[in-house]
Every structure is written in C-alpha cells, then in structure tokens.
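Undergrad: Before I ask anything, let me first share the structure, which is written out below as structure tokens.
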Amino acid sequence: MRGARGAWDFLCVLLLLLRVQTGSSQPSVSPGEPSPPSIHPGKSDLIVRVGDEIRLLCTDPGFVKWTFEILDETNENKQNEWITEKAEATNTGKYTCTNKHGLSNSIYVFVRDPAKLFLVDRSLYGKEDNDTLVRCPLTDPEVTNYSLKGCQGKPLPKDLRFIPDPKAGIMIKSVKRAYHRLCLHCSVDQEGKSVLSEKFILKVRPAFKAVPVVSVSKASYLLREGEEFTVTCTIKDVSSSVYSTWKRENSQTKLQEKYNSWHHGDFNYERQATLTISSARVNDSGVFMCYANNTFGSANVTTTLEVVDKGFINIFPMINTTVFVNDGENVDLIVEYEAFPKPEHQQWIYMNRTFTDKWEDYPKSENESNIRYVSELHLTRLKGTEGGTYTFLVSNSDVNAAIAFNVYVNTKPEILTYDRLVNGMLQCVAAGFPEPTIDWYFCPGTEQRCSASVLPVDVQTLNSSGPPFGKLVVQSSIDSSAFKHNGTVECKAYNDVGKTSAYFNFAFKGNNKEQIHPHTLFTPLLIGFVIVAGMMCIIVMILTYKYLQKPMYEVQWKVVEEINGNNYVYIDPTQLPYDHKWEFPRNRLSFGKTLGAGAFGKVVEATAYGLIKSDAAMTVAVKMLKPSAHLTEREALMSELKVLSYLGNHMNIVNLLGACTIGGPTLVITEYCCYGDLLNFLRRKRDSFICSKQEDHAEAALYKNLLHSKESSCSDSTNEYMDMKPGVSYVVPTKADKRRSVRIGSYIERDVTPAIMEDDELALDLEDLLSFSYQVAKGMAFLASKNCIHRDLAARNILLTHGRITKICDFGLARDIKNDSNYVVKGNARLPVKWMAPESIFNCVYTFESDVWSYGIFLWELFSLGSSPYPGMPVDSKFYKMIKEGFRMLSPEHAPAEMYDIMKTCWDADPLKRPTFKQIVQLIEKQISESTNHIYSNLANCSPNRQKPVVDHSVRINSVGSTASSSQPLLVHDDV
C-alpha cells in the first residue's frame, strides 16, 4: 500500500514539474508575482458516481489549504491532496484550494446519486421586493427541466419568476408579500419522470412601506403628588423589527418601560410599551414622547403629565351672575367647572332649599382625561316671588367651591290700594319690579279710560323698598280739591314690563264730595265669563270621565318578565323590539272580504303577492284599525305585533307572516284559517257527528258540587245538584236530535293541503275532538314556555285550517265584545267571566294556572259540540257564589271519562294543584290513536319552524324569576 502511495506521490511531483516547465495550465505571470495554485484534474466541473473515490490534487510552491463548501457547510483540509474514498451525494459541492498568498482555484464536484437528486436546506426566507434562493442544488447536472412547482399540484403565482442554477439552487426574483407561506418543490425530469424535492415553505419578511402607527392610551394625565403615573404606547407595524422607546422632552434620562408584543396574523405586529412612575412628583410634570422608527421612517406621539400638590375646583359661569327675567318666563343658570379629582357632590340651593330635580350635571367631554363639567339649573315660568340667590355647590375629596346667581324677576305693576281718601288726599299704592311709575288722569263722567292728565296738580310720590329681590312699592297721592266736577280718576302704574290702571268715581253733593268708589264697569262681564268658564270645565270633566269608563282595547296575551314574591312583572309590549325584517310592501296586498269586526278594528281576508316566493300569491288575514280608532288602540295593535314577533312560530298558534308599519296605518299580516273559529265549526258539525262511545248519559242534571265529592258519578243524586234552566241559545244536543251522516274519509287520509278533499265536507267524530284537545294543549304549552299568558282561551278564539289543524289566536280589536253575551261588564271592562278562574274573577289574578282553568272550560265546550258553558245560568251574584262554593259543570255528553277527569283537575280550587299544559299533553297523548299522533308529529316535523321542547311550569317560572318556585302562592296582578 505504501509503495502504491509513493508511486502516486512521485507521479504528482513529476506532473507538477512538467506543468511548471511548460506553463500551459496557468496564465502567464510576471516574474516575481505570486500565481494561484493549480488543481488536478484541470476541469471546472467533475462528475463522479456515488461510492466512487474523489481525488483532487492542489499544486503550489508553498503551503496550500483545501476548502469544501456546500449549502451552509464548510470543511477544511491543509493537505495538498483531497481524497474522499467513497463519495456520497452530500459530497457534492465546490472545492477550493488557496495558497499562502490568498490566491485560489476551484473545482465543482457532482456526486451523481439517482436516489438523491437534491441537496436540500428547507429553511426558506425572503425579504419583500428582494431575490431569495431556494437552496436545492443538484447532484446530477445532466437531469432536465430544473424548475419550481407548487405543492399538491397547485399552480405557482402568475407573477412568480425564477432562475435555476444546478450548483446553487433556484433564485426567486423580487419576492412579493403575497408569496408568504407559499409551499414549493424543486423539480427535475429524470429518465422521463418528474422528481420532486422535499417541500419548502417560503416565509416573507415584509418591507417597511410606511412609518409605524403609534398611539397612546391617553393624551394627557392629571395626577396628585404620590399617585402612580402609567401610560401605554401602542406601536403597530408589519414586523417585529420596528424600534420603539419612550423619551422625555428636554431630558436624556433613561425611562423605565415594559414591553408586551404579539402578532395579529402574518403582517400585523403590535407592541405595547408601558411607562411607569410609581410615585409622581410635581417636578415630573412635562411632555413624554413615544418614538418608533423603521427603515421607511419614524413616528411619534406625546402625552402630557401634570402633577399638582392637591386637587382643585374652578367654576366658570356661562351667563352673568346677575340675571333679570320677566315674570312667567324661563331661565337657565349654567356653569362650567373644572374639578380634579372627579366631583363627588353637586347641588343647587335656593332659600336654604335644595333642588332635587330641574337640574342636570354632565361631563363636557366623553374623553377619559376630561376634568371639565357642566351643570344647568332650569327655572321655568318664574313667579315674582321666586327671585333671589341661587347657589351652585360642588365638592370633591380635596376642596369645596360655590358660585351664586342673583335672579331678579321683572313683574308688571300691581295696584295694591286705590280707594283711600286720607286728609283730602287720594292715594294709589303700586308694587312691581323694576320700580313702577304712577301717573294720574281725569275725565268727566263715567268712562272706561281717561286720557287727560291731572298735571300740574300737586302729586306726592313716596318710594319704599320691598324685600330683597322682591317688588318695589311706590305710593302716590293727589289732592282731591283739584277735582271741581263729577268724573272718573285713573291711577296708572307702569314699568318696563307692563302697566296697570285703577279707576275711581266721585260726585259732588252741594259743596261736599261724595265718598269715592271703585269703578264697577266691568264687574258683570267678569262674572259672566267666570260662570261660562266653570261650566266648560264641568263639561270637559264629564266627557273625560265617560271616556275613561269606556272599555279600552288591550292585548290579551301577556308576557311575563319575572316573578317577584307574589307579583308577576309583565314585559311592557311597547318596549319589545320590532324587527323590520317583517315589513311587507303595502302595494302587494289585495284586500277582500271582512272576516271579523269590532269597535276598534277588523280582520280582512287578503292576497299577498311575493310573501313566500317572489312570484307566488298567498291568502292571508290582515288585522287593521278602523278610522275611528284612538292613539290607545294604535299603540295596542303595535304591541300585539311585537308580542307575535317575540313568540315566534308554532303550528298551533296563528303565526305572524309580516306587517306594514311605514307609510300608512299599521297592518298585521297573519295566517289565514279557512274554516273560521272552532266554536262555529263544532255547531255546524253537530248533525254529522259520529260518536264512538255509549250515548246513554243522563241529561237531567248538568251541574254538581265537585268541591266535596271529586268522584261522584252521573247517577248520584244529592242536595249538591242545582236546578238549572235550559240555556237561552245553545244546549247539549240529545241523541234523538242528531241526524248522522256517513263519513267519506278518515283522519289518517287527510292532507294539510286541500288538493284531495275539503275537510269541511268530512263528518266529525270523537277522534277529531281528542285531536283538537291535544293540539290546543300543545299550543298553550308553547305559549307557557314563552312565559305568555293568554287570558281569553275559549273555542271562539281557536281557528281551524286545512288538515283540521287548530290555531290559537287573540281576536282582540276584531271582536265586537260590546254585543257579545260571553263578555260581561265588570268595572270598566268587559270580561269572559264564564271562562275565568275564581282567582281571576274575584282577585284579578291572571297566571299560567288560570289559563289551565280556561282550558278546562274549553274542553267542556269542545265535547258539548259548541254549547255555552253553564247553560241557562246568568252571570249574577248567585253564579259568583256557586263558583266560590265549588260547584262545577258535569261531564258533557260526548266526553270520555278520562277527558272529564282532566276537566276536573283543571277546575281545582287550588291553582297549584292544577296540571301544567305539558302534563295535559301527556295525558291526552295516551288517548288519541296512533294514527292521529303520527299525523300530528309529521305535521310538526314538516313545519318550517319547529317549536322548541316545551318546559314545565315550575321550570319556566324558575327560569323567569329566580325567587319563585313551583309551590308559590297565587300571584296577584292588577291589570285586568
């Protein structure tokens, strides 16, 4: 081995001598000048296969050093010869030989490795608008199509330009900010196949193209000595290389500051520099600057610190502190004041009396550093006796301050005395402010006004000052001897505000003057005016009383906001929000026939175009006011609209579809129910009713006392039965009266659309009644879950539509309750007494439980096929007494025993023992057929707005008022 190595050394020396002699491998140099070393083999590039030997020889007369560079790696060898016995792909790179003179020569070696075509440095950073190198040099220079490709086949940005270099990599030209986080591969074609390198993620360092954005937490600070001064400067830029610092104006002192920073996305950097002086002193006052700069430029912002030894209050009147105002006019006393620390107490005082209202105090600016405030005292219709000193007092934790306004009320003169004759002198005393002037006038006979002055008759005037800020009193006297004839004397007092006169009549009898009397010309006219005015007031009061006694329209549905103790707190419907998404153009409504009308409004059938679809027509019901409606009714209709929008949609309530509140009277658009109200539907179907149970009920007795005997049967005969007269209008029909008709379809065959058959043509059976009971209970459970009390649940307020779907509604203004015998006058309201719970009748209590009572009455209506409850019994004292004593109606003819049991529980005297609507739903579910339940479930699931799960009363109440429980006593509500 040593022999071979020696032979190789000898050969190298020989070659070196030959090269020196011939000088063919190096450029000619001048004698004495050093020359660069030479490398063997004498090529610029050398290609070897992986596993082969790399042998490089550097020849130079003196000392040489080898350097190998690839990517960021550098290796050195101080031998003349560089030998790598088994070449690897990582040995690809530039080999440089340097002599002692610093002259060098290089050769680039490619180690061809088909399994590793790229030498990859995956760190890839680029500065915006500069070139950046993707370092993926090749190990085989003979591959083709050396380029860049996007990851996962994504195309490269259209404006991306690059230059490939097999020895260095691929240079991306003029990097853009949009290239940030761009995923790349280096790519070549080898033997017809595309080969990709490992992926690169390009991270772009943005270039500064604007100065930093700098802001401070406050522009100025005012502190007392010893308080902490803390100010935060926020610097925003595209990268964290922005520089920032706090500086004090005219000072080189290093300030203590803390930094917090974070990135908001890729090119949004934010830094907060907080400057703190733990205990500020007066000499710390000054201007502090937050300075920031980047390569583009600099920006700064300042904040001012003022430190005072203690707090202060400075008051500045906005008007003159001496104020003159005429009697009956208004005046505003306004001050501005600076207060530091913040004011704690402010008040206006007059005559040792503190104003509790009529004034307001507010900061002049919403700026956090504001110390200036405004206080205004509003004096309205000042009287002559209300002049005086009005004082504003303000204080904070350090000082007190006050300012006073002297208010003088200018008053028209008032003549106090004008009929006194003292020692032959006629006196006239007047008071007013400013001081009045008195003139005398005379005219013969009895006149309304005198114009001839008595001057130059001797007139004596005596001024006397009144109380401070009060009226000034002036007394004037005239010698009555100046008057030689019968006549009228006028005393006229005037000042800048106005004038007042008094008249005197006198006459001569012989040589003596008769006692002077006041002028009485206008007394009859004045008395007549007072009488007429009094009569007008009485008429207005009577009309107002009658108007207030007139039953007013109000929304029956009440939404409970919370329960406090024994009181329901209702949401004021006028305060509910109204979303204008419900607005519908008026010109897309075409009105038809009137469906119902009352004293205040009506419901009209209409066609709405484009309500659901842009090109579709839909039949709707529109509730509107009559032209005679008052403001109260207009507000009530708007409240009803807000309540409906608050409740949302449910299959068993009449849902809101839209509204028109702009550009005309309010219109409420709701679903149209083609079969009208359930009460009349039941009465129409009596003769076609198919009963699926025994019809042998006795009809002799309709009432019994359920208070003491809960389980009495129809056959019981006790003193608790009442002898009742037949109903005036409708009574329970007997079996003999009925004419049965054959049903042409079953419930399960119906569809919600009228395409197959009209539901009104079908007969009515017990399954229908159970379905109606179930649906109304579901609807009431939904209202209860929304904390809504109905207050007028009855068959007349249930509508029926396709598929015999029931919908709960409130006719409200569209019902003529004045002519409806179901509504009885009680106080100044008409109430559906026979449907009301005892607590509602006697205590004006409306609760969720009182709705349950009404539901029991509704069930009686339903299973009696539309008969009036308590038939033949008028609402009088006897009725009220029997309700109190526990008398309840017997089961209607067509009610199953289970349904009558539900009615009895709904009529429990103790409201808290009545079932909730959720429990009622569960009870009825056990009785309806599977087909009916299945159909209802399908309809509910197909509804565009499925209702939320219904909650129980106790859960609902606890969710509304935290202090309530399911066992709470009756809750009193005064709003009937």
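Placed from the backbone N, Cα and C atoms, the Cβ positions cover glycine too.
Keep in mind it's a predicted model, so treat the numbers as computed, not measured.
Positions annotated as active site, proton acceptor by Swiss-Prot, on the basis of sequence analysis: Asp792. The Mg(2+) binding site feature in Swiss-Prot is assigned to Tyr568, Asn797, Asp810. For 596-603, Lys623, 671-677, Arg796, the entry in Swiss-Prot reads ATP binding site. The domain 'Ig-like C2-type 1' feature in Swiss-Prot is assigned to 27-112. Residues or ranges marked as domain 'Ig-like C2-type 2' by Swiss-Prot: 121-205. Residues annotated as domain 'Ig-like C2-type 3' in Swiss-Prot: 212-308. Annotation comment: Swiss-Prot describes 317-410 as domain 'Ig-like C2-type 4'. Positions annotated as domain 'Ig-like C2-type 5' by Swiss-Prot: 413-507. For 589-937, the entry in Swiss-Prot reads domain 'Protein kinase'. Marked as signal peptide by Swiss-Prot on the basis of sequence analysis: 1-25. Sequence annotations record features per position, and here Swiss-Prot assigns site 'Important for interaction with phosphotyrosine-binding proteins' to Tyr936. Feature annotation from Swiss-Prot assigns topological domain 'Extracellular' to 26-524; the stated evidence is sequence analysis.
What's the neighbourhood like for each of these?
TA: Secondary structure at Asp810 (Mg(2+) binding site), taken from DSSP and collapsed to helix, strand or coil, is coil.
Around Gly596 (ATP binding site), taking its Cβ as the centre, 17 other Cβ atoms fall within 10 Å, counting all chains. In the three-state DSSP scheme, Gly596 (ATP binding site) falls into the strand class.
Note on the topological domain 'Extracellular' (26-524): mean pLDDT across this stretch is 86.
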Undergrad: Give the three-state DSSP assignment (helix, strand or coil) for Asp677 (ATP binding site).
TA: strand
Undergrad: Go ahead and report the DSSP secondary structure tallies for the domain 'Ig-like C2-type 2' (121-205): helix first, then strand, then coil.
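TA: DSSP composition of the domain 'Ig-like C2-type 2' (121-205): 6 helix, 46 strand, 33 coil.
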Undergrad: Do you see any of the recorded positions Asp792, Asn797, Asp810 whose C-alpha is within 10 Å of Glu671 (ATP binding site), and which ones?
TA: none
Undergrad: Going by a 10 angstroms cut-off between Cβ atoms, which of the recorded positions Asp677, Asp792 has the sparsest surroundings?
TA: Asp677
Undergrad: Hey, what's the Cβ neighbour count for Glu671 (ATP binding site) at 10 Å?
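TA: Summing over all protein chains shown, Glu671 (ATP binding site) has 18 other Cβ atoms within 10 Å.
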Undergrad: Please count the residues of the domain 'Ig-like C2-type 4' (317-410) that DSSP assigns to helix (H, G, I), strand (E, B) and coil.
TA: 3 helix, 56 strand, 35 coil
Undergrad: Can you grab the distance from Cys674 (ATP binding site) over to Asp810 (Mg(2+) binding site)? Cα atoms, rounded to a whole Å.
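TA: Rounded to the nearest whole number, the Cα-Cα distance is 16 Å.
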Undergrad: Work out, from DSSP, the number of helix, strand and coil residues along the domain 'Ig-like C2-type 3' (212-308).
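TA: Its residues fall into 3 helix, 59 strand, 35 coil.
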Undergrad: When DSSP is mapped onto helix/strand/coil, what comes out for Asn797 (Mg(2+) binding site)?
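TA: SS state of Asn797 (Mg(2+) binding site) = helix.
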Undergrad: Taking the Cβ of Asp810 (Mg(2+) binding site) as centre, how many other Cβ atoms lie within 10 Å?
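TA: So the Cβ neighbour count for Asp810 (Mg(2+) binding site) comes to 21.
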Undergrad: Taking DSSP as the reference, which of helix, strand or coil describes Glu671 (ATP binding site)?
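TA: In the DSSP reduction, Glu671 (ATP binding site) maps to strand.
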